[in-house]
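Copied over from Swiss-Prot, here are the features:
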TRANSMEM  27-47  transmembrane segment
TRANSMEM  57-77  transmembrane segment
TRANSMEM  89-109  transmembrane segment
TRANSMEM  202-222  transmembrane segment
TRANSMEM  242-262  transmembrane segment
TRANSMEM  304-324  transmembrane segment
Amino acid sequence: MQTYGNSAVTYGWWAGNSGVTNRSGKFIAAHAAHTGLIAFWAGAFTLFELARFDPSVPMGHQPLIALPHLATLGIGFDETGTFVGGSAVVAVAVCHLVGSMAYGAGGLMHSLLFSSDMQESSVPQARKFKLEWDNPDNQTFILGHHLIFFGVACIWFVEWARIHGVYDPSIGAIRQVEYDLNLSHIWDHQFDFLTIDSLEDVMGGHAFLAFLEITGGAFHIATKQVGEYTKFKGAGLLSAEAILSWSLAGIGWMAVVAAFWSATNTTVYPVEWFGEPLALKFGISPYWVDTVDLGSAHTSRAWLANVHYYFGFFFIQGHLWHALRAMGFDFKRVTSALSNLDTASVSLK
């Protein structure tokens, strides 16, 4: 984290990232615990929504988030999209809750039992995951593993659609989807993905992403930088704070894209499960409103789009904050300048 040359800098308890910056073991513990929290939310909220779900009311007209996604995947609903009971939904929720306990236990083990720094581990493979923030070889080695995991997740999604099937709103039923690896279609959908209307193209894009991510991951793991690590290549700029800022930029951008996509696309986000497409409005900031009158209620699509947008907005603000700090900008100078406005003067000499 940025210290502005002060080797004895301390942070408040709320600056959680600072406590794991140079402790790779604690860093992994925090990741595992965070994953456990996400899994717990997914499982608990799915059960909460299932308890409130009313089959007599269109799902898209109920304030639901988890159930519409499960319905899109064909979980808890038959081939025609009819609700067939909550046993499959409960099973998914319980798996997430059990997984959250396993992740939480892993976080506690890494925090309390294992070494706080992977460099001190007795396992040679573990020592490779030490944190050297200004070492591009170390950072790309870790990045490579992340990319492979993302690629495997894409493969799971593509294979689920191919073997089990997903909901196709064009026929109002669940069907198996074979991915289309037409590279010209994939290239074109970079610019019109908001209006994509073919599940084959959606799965083809994910299959192509899986190939790119796994190939890129293997490349980053196996290779090292060529030549000297100079300032032109980023020496002195690569740091924990810089990587945090880039991560926030990435997740913020994905959230904003998801907001626009979920607001209008009815192939990936079927009307049956998420409600009618939204209208974009402008006030203090952009927001989406329902195009159907539900009284004081809102569609699943409205919740999904607006929450993603505002989360994305604040993530991007966090990116700017940490990016400026990583570049050496001291925000305390701003508050200092403002506090001295009354006594500041201009000399003509």
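Glycine residues also receive a Cβ, built from the backbone N, Cα and C atoms like all the rest.
Looking at 89-109, 202-222, 304-324, the range that has the most CB pairs within less than 8 A of the transmembrane segment (242-262) turns out to be 304-324. Long-range contacts of the transmembrane segment (27-47) within its own chain (CB-CB distance under 8 A, at least 6 residues past either end) are made by residues 16, 20-21, 65-67, 70, 89-90, 92-97, 99-104, 106-111, 114, 118, 129, 131.
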